[in-house]
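Q: Structure incoming, see below.
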Amino acid sequence: MRKTLIGLSLATMIAATAAQAQSDTPAPPPMRHGLMGVQADAQGNITRTAVMAAADSRFAAMDANHDGTVTPEEMRAYRDQKRAERGMGQPQGDRPGRRVPQPITADAFRARAAAMFDRLDTNHDGKIDAQERAAAPRQRGHWGRHGGPGEAAPTAQPMTDGN
């Protein structure tokens, strides 16, 4: 009888802990990368026109003073605003080793968007289909601590115990 009571008590405590650990806040919406959040059309394709329109829209949103150039400060303010909209905390700021953004003009921003589209549109038909979207992560490489654009992230090495 005593073992049964102890077992039931432990089971109740574990269930209560698990229920309490669940978050009441919803998860932030998925981040949009690469194709500037452009959704595929009814046929599952993303067109060059849609990507360029999204690039123009994003540039206009970043260019706070509408002078045709986005400064590092405007980029930072835009990024911080988007992070806040997703319910994310503040970035870690300008720590050593962090890439410092440079001013960019609307033409340069559009050129980068066009180059990205051309790189992903592997059959050069003017649209990115589902198959090309699936291959996109391999096409664009990895951005992050472990390298710049086009550099693949290092693969994890299995841990050994030294034997």
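Using the three backbone atoms N, Cα and C, a Cβ is placed for every residue, glycine included.
Feature list, courtesy of TrEMBL:
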- 122-132: compositional bias 'Basic and acidic residues' (COMPBIAS)
- 50-85: domain 'EF-hand' (DOMAIN)
- 108-143: domain 'EF-hand' (DOMAIN)
- 80-101: region 'Disordered' (REGION)
- 122-163: region 'Disordered' (REGION)
- 1-21: signal peptide (SIGNAL)
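Help me picture these features in the structure, burial and contacts included.
A: Within the compositional bias 'Basic and acidic residues' (122-132), the DSSP-based counts of helix, strand and coil residues read 3 helix, 2 strand, 6 coil.
The predicted model assigns the domain 'EF-hand' (50-85) a mean pLDDT of 91.
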Q: So if I exclude everything within five residues of the ends of the domain 'EF-hand' (50-85), which remaining residues of that chain have a CB under 8 angstroms from its CBs? That is, six or more out.
A: 35-38, 41, 91, 100-106, 109-110, 112-114, 116-117
